[in-house]
Amino acid sequence: MGQPLIIYVVSDAIGETAQHTIRAVTAQFDFAETPEIRRHAFIRDEKTLFETLAEAKTADGIVVQTLVNSSLALSSRNFCEKEGIPNVDLLANLTHEIEVKTGKSSKEDPGNMRRLDQAYFDRIAAIEFSVKYDDCKDPRGILEADIVLVGVSRTSKTPLSSYLANANFKVANVPLVPEIPLPEELFQIPASRIIGLTNSPEKLERIRKVRLKSMGLDELSNYSSENRIAEELEYGYETFKKLNCRVIHVEDKAIEEAAALIQEIITNK
């Protein structure tokens, strides 16, 4: 068996853009072994750059670069061409086309996206909001939220809240339990702000048993029983109908995919 595909991320910032792109592309291939991504961030001089590229050559890797400094980007492309290293520059073509179209020049500031501007502080506030109002700790948060997620246990409410908070949405979430009355605040906001989350009984049973096992509890408890799950799901659908909210089936959806669907629903309401 050969070695796994090795991809080097070379960036003068944190390299997040390249890493997301690589994962999106490699997901379309069937690999015997998961490709290895080696991220080299905050490269600001040629010495560090060339050392990294030499390492990539030794490892027989592909270089994916997001260098906003045009001089470093050119040096990287030239080095890779000379040494026979596959190189993909994710920024160069788009930067050039924007400069041609607008007549403006790139700032070439690798830290510009991470400035402590208002958007940054809004994101921090949204993250703090999602933590404060997770699991309906305080139902008053429902009234202030941009998005309210409702669903039975193990339908990804908390991870989706966190992910959406990073996109600057204030998110509250409410667990649906047949024995616990719904907070009245749910009926005081527009249905367009509420998203119901559900899952298949089979998937819920598997997830709940894993959860119980991780906590050292009996996997055969009522929490993971077929009858209990069926009861909760039925209650969930009855609740969604009462709230007149949109519903997303989260089975086999990555958090990113489910979050994208939620954002599309909320922004197009």
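Cβ coordinates are placed from backbone N, Cα and C, and glycine is handled just like the others.
The ADP binding site annotation in TrEMBL covers Gly151, Val152, Ser153, Arg154, Thr155, Ser156, Lys157, Thr158.
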Spatial neighbours of Val152 (ADP binding site) that are distant in sequence (at least 6 apart) but have CB under 8 A: Pro175, Leu176, Val177, Thr198, Asn199, Leu204, Ile229, Glu232, Leu233, Tyr235, Gly236
Residues that sit under 8 angstroms from Arg154 (ADP binding site) by C-beta distance, when 6+ apart in the chain: Asn199, Leu204, Ile207, Arg208, Arg211
Fewest other Cβ within 10 angstroms of its own Cβ, chosen from the binding-site residues Thr155, Ser156, Thr158: Thr158
Sequence-distant neighbours of Gly151 (ADP binding site) in its chain (C-beta under 8 A, six or more apart): Lys157, Asn173, Pro175, Leu176, Gly196, Leu197, Thr198, Asn199, Gly236
For Ser153 (ADP binding site), nearby residues of its own chain (Cβ under 8 Å, 6 or more apart in sequence): Pro175, Val177, Arg208, Tyr223, Glu232
C-beta crowding around Lys157 (ADP binding site), within 10 angstroms: 26
Listed in sequence order, residues not in Gly151, Val152, Ser153, Arg154, Thr155, Ser156, Lys157, Thr158 with Cβ within 8 Å of the centre of the ADP site Cβ atoms: Asn173, Pro175, Leu197, Asn199, Val250
